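Copied over from TrEMBL, here are the features:
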- 67-87: transmembrane segment (TRANSMEM)
- 114-135: transmembrane segment (TRANSMEM)
- 235-255: transmembrane segment (TRANSMEM)
- 275-296: transmembrane segment (TRANSMEM)
- 343-367: transmembrane segment (TRANSMEM)
- 396-429: transmembrane segment (TRANSMEM)
- 449-470: transmembrane segment (TRANSMEM)
- 504-525: transmembrane segment (TRANSMEM)
- 545-567: transmembrane segment (TRANSMEM)
- 579-603: transmembrane segment (TRANSMEM)
Amino acid sequence: MGTEQAAAVEISEPLLLHEEAAVDKIRADDQEIERIPEWKDQITIRGLVVSAILGTLFCIITHKLNLTVGIIPSLNVAAGGFGSYLLSMDEKTYKLIGEDYPGNRAEDVKNPGLLWMMGFIFVVSFLGLFSLVPLRKVMVLEYKLTYPSGTATAMLINSFHTNTGAELARKQVSCLGKYLSISFCWSCFKWFFSGIGDSCGFDNFPSLGLTLFKNTFYFDFSPTYVGCGLICPHIVNCSVLLGAIISWGFLWPFISQRAGDWYPADLGSNDFKGLYGYKVFVAISLILGDGLYNLIKIISVTIKEICTKRQNLPVVKEVTDENSSKLLAEQKKRDEVFLKDRIPFWFAASGYVGLVAISTAAMPMIFPPLKCPSPCLLQLVWYWTNRLEPGLLWKIGLFIIASLVGSDGGVLAGLAACGVMMSIVSTAADLMQDFKTGYLTLSSAKSMFVSQLVGTAMGCVIAPSFWLYWSAFDIGSPDSPYKAPYAVIYREMAILGVEGFSELPKHCLAICCGFFVAALAINLLRDVTPKKVSQFIPIPMAMAVPFYIGAYFAIDMFVGTVILFVWERLNRKDAEDYAGAVASGLICGDGIWTIPSAILSIFRINPPICMYFGPSASS
């Protein structure tokens, strides 16, 4: 008994001291929480002005990338669909596919218009913001979902508030400005030699020889694509190059030799009954195969995680470790700040119901074949889409709505439904990423939500700057720099939803099935092999892009990845700190040049020189 009492005395004193320290810590945390500005004070005029300027810049860049190669960063939500479903509705895409092509009807045409595009975006863009607000506590606090983009953004913001981070940020901004200026000046210089038409200038420089140039293998000196190569992981850039080699190096030359047997030899280069049809549908099969695999995979993982977390209920334990205590105190502080300014459930629910009612009434006015709120209902079913593969979800929605409506307007209805879901899912997913950022940076959830509302409203006004491109350039032509590759792909997917596969060229369905299965197998192989092996296995989605567009941008991106690879070997720390700034500068400078270039084109001011390359007269 005496021994037990002595032991009790020895243990109780440190515990009492520990409790006193814990109380002091809680009081300090409470005082720190009180010092955090109110949610209204976190939204400043300066922040809104800077956001509007950057949003405009990012929107222009996104439009250019969307209309050239279709690969776009997550910079401006409202701008994402202008190069895909919206252009799929226009007359040029309709004629490109063929007026006599089965299922391609003139009634399913709606040309871009500034007023109806702004109205459409306003009607649908806010739905996603209200749909997931009630789930923020479940997603962020209970399930503790990682949200990689939101977490990375939070880490970057937090690093700015250290001496080292602030100094690095200043150097990165300086680096970005330098390479933005270089890129802008280079794009301006290239313009003087680009002549009239699409066959002149550095964009058509046969850097690898005329033979490879005919198969689109050449370096076109594009700062944008080189910048994309610096940003994208090495495996993505190598996958894009591999896709270009398989398609333009082997598959398309092989199929073109079968002209007259597999398809009529006298067809135009853009006829879907010929080689052009193979290019489009094989690309679609790779995209769908990759997307379907990832959809099934993420649904399975999500269900497994939910079931596991419900079975393994948390066990309350007393933690006496100092580091663990600090982590728990930090988490408690974040939880309190995140829950401090609540967004009422009735507000989110009534806002969502009201917006659904407005969209249900407005959609048939903009798109007569879309006579029901099906896209909104489908979005409710897929409210987990911020964890799933949204790119595939709206493609599935496109197929479903197109087949439900049928031949009488199914193509236009499917494309419109795709646009509705694209806007809803994108804004919802971005809001959840921002909630995670706010949680980790001790920002008010209400301020994040209000900022998203203001930013979305800005985007609805800024995003139709697409009209500048539409007015100034030859958008959608296969021979134009602005091919808008996904316009044709999306319209063809809508036609497939209505008509099926009956009109594909000879052996096209078999080839598509082969690539679809290959996409599934490659993804499975990436998951079952060890990381040291899987890191070298290509990504089917990235391989699909050059199948339709060409190999030239793959060469540019590969140049970017080679530069990054060498840079990492020479100085990895500098590469990690400044590669993103260099890439952003290259992309931004080239993107900004499109504004004066478009203005010059509108006023019919043509470049003075046409730099053209051809075989010598003696050859």
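Cβ coordinates come from backbone N, Cα and C, glycine included.
A TrEMBL annotation is a machine prediction, not a hand-curated record.
As the structure is a computational prediction, the values presented were derived from the model and not from experiment.
Below 8 A, the CB atoms of the transmembrane segment (545-567) and the transmembrane segment (235-255) form 3+ pairs separated by six or more positions in the chain.
As a quick check, the transmembrane segment (504-525) and the transmembrane segment (114-135) miss the bar of 3 or more Cβ pairs under 8 A, pairs 6 or more apart, so the two do not touch. Sequence-distant residue pairs (6 or more apart) of the transmembrane segment (114-135) and the transmembrane segment (343-367) include at least 3 whose Cβ atoms are under 8 Å, placing the two stretches in contact. Long-range neighbours of the transmembrane segment (449-470) within the same chain, counting only residues 6 or more positions beyond its ends whose Cβ lies under 8 Å from a Cβ of the stretch, are 39, 43, 48, 51-52, 55-56, 59-60, 63-64, 67, 76-79, 82, 86, 112, 114, 117-118, 121-122, 125-126, 129, 133, 343, 427, 430-431, 434, 482, 594-595, 598.
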